[in-house]
Every structure is written in structure tokens, then in C-alpha cells.
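Chemist: Quick one: the structure is below, and I'll ask about it shortly.
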Amino acid sequence: MDKREFRERLNQARRIVIKIGSGVISNNGSVDKNTLKSIVEDIANLKNRKKQILIVSSGAVASGMGIMGVKKRPDNIVNLQALASLGQPELINIYKELFEGFGIKTSQILITVDDIQNRRRFINAKNTLLTLLKWDILPIINENDTVVIKELRFGDNDNLSYHILNLIEADALVILSTIDGLYTKNPQDSKAQFIEAIDETVNFEDNGKSLLGSGGIKTKIEAGLNAAKLGKLACIINGKTPNAIKQLFNDSEFRFSYFIPKTHTINSKKSWIINCMPAGVVVIDEGAEKNILNNKSLLPSGIKKVYGGFGRGDVINIENEEGDLVAKGITNYDSSEIERIKQQHSNEIVNILGYKYSNDVVHIDNMALTKYHSEE
């Protein structure tokens, strides 16, 4: 796919997730309202074209820094969380006022990746977001920085933006950063070369990252590649450029990096499984591995070992005896139950446990192959 075809498909996209990095809407430790006005104007234009837009926005910490007069981003997690708690209402109020100028109603949703990795909460979040879109409301989503730790340090909402894309089955992900895309080296290096089209074969190193953003280019690349695996459109643009979103859609000379979408893709549910943190591990024998590769479910007879304490309905890793990750899946039994029924035939489950949920430990419909065994 070349740049022209990407832009043509992007203009045809109906549902778009726009991720706004903290560095984009921050200026000297506070919210950059001029940049935000430009972004809001561009999004309003997209709404006028009958496109459904969801915003994943960072910036709560920067907003809190501005309120408190803090110039340097703290390293202490507790201070970061306190600043996020202070800044989030102010940030969402700025969005609300700016969008009201275009007659657009907004809603606020605070979420964590953990919320999305729980299948029941995943479905609830999906239904809520789809209802808001049906009502022509523009959801503004942020990680709940007052309670998360790992995401606050590393993700800068990049990973969350991909999960939201998958959650509501959007057509495209537009990532606003402080650089215009991917380079072979730090963009400040005179030898750095711009990479326009990105796929899994691209190798990158020493890329610059936003001064106030904690994700950097690496997590943006991960989010874009994950979107591409779903066959979705994804790109990185410089959000500091005036009317950057408008130029992305309308200016053929506008510079940005885009991800080449896969033609062979996995469905939304299997993508959710692949990206869930595993609650535990089961080790399987060679016969069970072959069965999985032949599109069959995992039976207790093929399980040799169980690691970790996990519950029924959790996502677990399925590994072979060499330690290779064969697949991930939703388990029908908890770890203690599997420990008792492993290496036993399914018709013995009732005799061992006194009950039976299913003949299989992980049904093939609730299983996704990993990189070790490509599903393509």
C-alpha cells in the first residue's frame, strides 16, 4: 500500500480513534490551548463529514503541573498520580468548552488496560462507547492515571488507543505525537532517515520521544503494528503542526508515517486474547500442540504442567515442553481443577471433580495462536 492509497482509505474510514499525546497538548508544563484549539477544529470538521470520532487523550499530569506551577515532571509515582487527579477535571473541561463552540457534546471515560483485559468489563465498555457514538457524543478517554502504575510510567495511552480501536472495531487509528513519524535514528541526528511506510520488517533505533510523554516512539510503533495486524489503518503525525489532522486528510504533500495493514487478519476476540496479560501457564505435550495447530481444542489429556493461580474465564498461556508460547486462550477451568484433571481423558472429569463445565480446558474458538505459530 502506498501513501496515496492509504489516504484514500483513510478518507473512507467511518469510525476513527485519535490518540493525542501529552507532549502535543503541553507547553512548558501546562496545557497548550492553542494547539488543542487547532486539534478540536480539525476533529469538528471530521464530525461534519459524518465520521464517528473517539479521542484517547493524555495530558492530565501536564494539566495538574500547570495548576500547581510545577515546571519539571516528577519522577515519584505518587506525585504523578496526585497531579493527574488534579489535572484531569481541568483538562476535560477545556475539551468540553472547545467542542461546545462547534456544537459537539463530549463525555469523559477513565479506563485502564486492566478494565479491557477483563472480558466482561470489555463488553460493558464496548456497549457504553457504542451507545455514546449512537447518540452522536464524542467520547474523550484517558487512562485512570490516579490508580495505574505501569501504564503511567510506560504507555502514555498508546497501548490503550489500540485497545480502544479493537474494542469498538474502529477503522483507523491516528496517533498525534511531537514528531512527524518514524526515523532510522533520533530525528535530531543528521543521519536520520524518515520512514514513511512501516511494517514488522522495519528496524528502528534511538528514536526521539516526547519530553512530557512516557511512551516515546516505541509504544506508538507497537500500537500501530497491532492495529495493522487487525487490517486497520494507523499512522503517526506531528500534532504540533497547525491543523495537522486536516492536512493528513486533505494535503497530499503532508508528511507522516503509516502502517501497512495486514491482508490476513485475526478477529477482534482473538486480538483481545493475544493482548491480554496471562494469569497463568499450562504446558502441553506434542500431541496436544499438533491438535491445536489442526484447529482443535485443548483437552485435559494433553496438559502436563500447570503454573500460577488463575480462575475460570482467565486468559492463560499455552506452552510446549520446550517453553515456546504456542497459543493463548480463555480457560474453562481454574488452576486447581486443571491440576487434578491434567493428563486425564475428558470422560473422567466428572469422576475426578464431581462436575464438568466442558470436555475441553480451552475451546478452539477461545484460543489464539501466537507468533511462534503464525495464524496466517
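Cβ atoms are placed via backbone N, Cα and C, with glycine included.
The shown structure was predicted, so the numbers you read here are calculated from the model rather than taken from an experiment.
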Chemist: Please find, within the list 53-70, 161-178, the residue stretch that TrEMBL describes as transmembrane segment.
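Modeler: Checked against TrEMBL: transmembrane segment maps to 53-70.
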Chemist: Between Thr219 (ATP binding site) and Ser58 (substrate binding site), how far is it from one CA atom to the other, in Å?
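Modeler: About 14 Å separates the two Cα atoms.
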Chemist: If I take the alpha carbons of Lys220 (ATP binding site) and Ser58 (substrate binding site), what is the distance between them in whole Å?
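Modeler: Counting only the Cα atoms, the answer is 13 Å.
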Chemist: Measure from the CA atom of Ser58 (substrate binding site) to the CA atom of Gly216 (ATP binding site) and give the result in Å, rounded to a whole number.
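Modeler: Just about 13 Å between their Cα atoms.
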Chemist: By DSSP assignment, list the helix, strand and coil residue numbers for the domain 'PUA' (280-362), in that order.
Modeler: 26 helix, 22 strand, 35 coil
